[in-house]
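Peer 1: Sharing a structure below in structure tokens format, with a few things to ask.
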Amino acid sequence: MYAKFIILVFLWGITRLAAEAQPAGWSLPTPQNQLSTSLIPYPAEVTGGKGTVRFSCLKVAGGGGAEQFPQLRAELEEVALDRGMVAGGKDCLPVRFVPGGSSKAAGSVEAESYTLSVSDKEVRITAAGFQGFFNGLQTLRQLIVKEKKGYGIARCIIKDMPAFSVRGVMLDVGRNFASVDFIKKLARRLSHYKINMLHLHLTDDPGWRVEVKSHPELTDTATFWKTRQPGKFYTQQELADLVDYCAGLGMRVLPEVDMPGHSASFRKGVGADMQSVKGMEVLKEALDEIIPLFPDPWFHIGSDEVHFKMEAFMPEMIRYVRGKHKEVVVWSPGYVPDTAAVRMCWGENEAGHALDKSARYIDCNGFYLDWMDSQTGVPQVFFQQPCEVPRGDARALGSIFCVWTDGALGSEQRLLEQYPFYPCVLTFAERIWRGSREKRRDCMARIPSKGTEEWKAFAEFERRLVYHRDHYFAGIPFAYVEQADMEWRLIGPFDHHGQNDFSFDPERIIKEEYAVNDTVLGWQSREACGGAVQIRSLYDMFNAHRKVFRPGHWPTLMSPVVGTGPGTCYALTYIESPVDQEVWLMFGLNGMWGHSGGYRSGRAPEQGSWDYEGGDVWLNDERVNPPHWPFQSLPWTGWGRGRIEIPLTQEGYFFRPPVKIHLKKGMNKMLVRTVSGPWKGDLGDRKWQFCCMPVQWDGLHYTEVKGLKYHAR
């Protein structure tokens, strides 16, 4: 029996490796930049781009879609206002809405398609209905270029259609309340990038955030965690107003009432568990009030991370919700026996591959923002293949980008400041609209090698991304800096034997090989690209606390040599500066910024150290001194108290001030020591990476230092 088990495991491993073999190249066409502006998401087809139509304002051409959908007039006025135009000026360019195209039902990708043409006489948008016209207007918004006198649009023809029908963003307002005004501003900006679903996680252990008039005890201040905006919830009128507002943006609102888990606040208010006769009775009465607030055909009932101790609970709640003419959405892993429910895949599912193939699913795997930093999060999202298919179909519906807030934020604004929200969401908007022809897990934890098709595609995209940062996000946090041109030589791992700050020879002399006891270590033959480089992916070590490892799950350049053990690695690059100059260094090691649950880092660096695992950095053989750390180490003391309830301050390299450095004219040597392993009573971080980038900084945005060149050798 044991031998049979070993054979089965061996065959499973071979099958898994074969199934996950990575394709060569990158076959999704890379945009050729024939326009004078940068579009995100990039349309399916763009022709023309030569010559410019100049104007001073926009106006609606009469008839057609403008009469059928009067809200289009208001949207065009908003586009003009957003671009700084004065209403009623001279030389207005007409925008004509022409009904046509697919007659398929709302919610289909065909219903969202549009054709946009720009001529000297007018802008013409052809679509089957409001959603297509709205999408065309968002492309028009990005085509407009401000000139010294007036505005310009490139003459072009754009034919466009999304790859997936569900393109959503989830906000975890159950754990950290966000005001309706804040959510509206987010939704407005997300709509510019053709995000068409807002998923609201309305209830969780810290708080029940939706008014239930028949059970005011659910939103009583005493039921909330004291650190999570106690007493803050949405009135029914506020939610109805938010739904109407989003409808005007072509955006569905998917409500979630999590059950029966993540319901401590419910239990405290009602005095009974959801999985009880009384709990089910109160929950049904609450749903009687909540469900009518949301006209969307879907209703999310959670079902994750819970023991189903009451066998009848989920079947009965599913029956009850369906009785109100709603389709049920559940998390997966979660309650899976009901194959008619829409599954939102997360965790170990690998985007649906562990599911019944007849089930409809939404891919959230790898789209969890709480684990991302800015410089590794963008390539991670860019190289995803949503639903692991090139385009959506009747089963593969799309993806929702989840913004979990397990830890206390203290302020809704920190959602934008301490998460790489907009850089990663815009990258998600690009990927979910265009789709991806290949699954490239081999690129999700490392930027591809220079010169490859996939590297060219990423480099082209990040140029568009920083264009949007510079043109559309003034005064709004947007932590991303171009990095594809950076390259490093890597070496390691040196065995530090538990003394993480041990100094090895690369700190004293650079040579091709180093003899350490009976081992000879040499620099990797291939360069690592990027300003942030992962030595080992977080997802190799995600369940290390359970002694479960997945080496090479998202492979890095160093995966074959570092395995799952501790060690010290070095990264080396030479920065060529055209002049002597003072710039800033955006530098960080491993993962002090984790926003997810009990995994938030437990230790702060000692003053005078860069991190609590012994990493360091030198410029021209002089140590770059770290800042003074305004936070301290706190132990894990459980949910609702201790370090999880202390808002982050400057833990993350992308939301703290960088440090000043001096680059001399010519070559500047940059050396990074990056370390993994337990030290001084701490178990160490599951992330093993560094970010080291010269930047400009205006107090909000990090931007590129112009004219720098990077040489690994």
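Note that the numbers count up from 1, one per residue, in the order the chain is shown.
Glycine is no exception: its Cβ is also placed from the backbone N, Cα and C atoms.
What TrEMBL says about a protein is an automatic prediction, not a curated fact.
OK, TrEMBL features for this one:
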SIGNAL    1-21  signal peptide
DOMAIN    37-160  domain 'Beta-hexosaminidase bacterial type N-terminal'
DOMAIN    164-270  domain 'Glycoside hydrolase family 20 catalytic'
ACT_SITE  Glu305  active site, proton donor
Peer 1: What mean pLDDT score does the domain 'Glycoside hydrolase family 20 catalytic' (164-270) have in the model?
Peer 2: 98
Peer 1: Count the residues of the domain 'Glycoside hydrolase family 20 catalytic' (164-270) that DSSP assigns to helix (H, G, I), to strand (E, B) and to coil, and report the three numbers in that order.
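Peer 2: DSSP classes over the domain 'Glycoside hydrolase family 20 catalytic' (164-270) add up to 38 helix, 25 strand, 44 coil.
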Peer 1: When the domain 'Beta-hexosaminidase bacterial type N-terminal' (37-160) is classified with DSSP, how many of its residues are helical, how many are strand and how many are coil?
Peer 2: 33 helix, 45 strand, 46 coil
Peer 1: Would you mind listing, in sequence order, the residues at least six apart from Glu305 (active site, proton donor) in the same chain with a Cβ closer than 8 Å to its Cβ?
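Peer 2: Expected: Gly261, His262.
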Peer 1: For the residue listed as 'active site, proton donor', which DSSP three-state class applies?
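Peer 2: Once the DSSP labels are grouped into three classes, the residue listed as 'active site, proton donor' ends up as coil.
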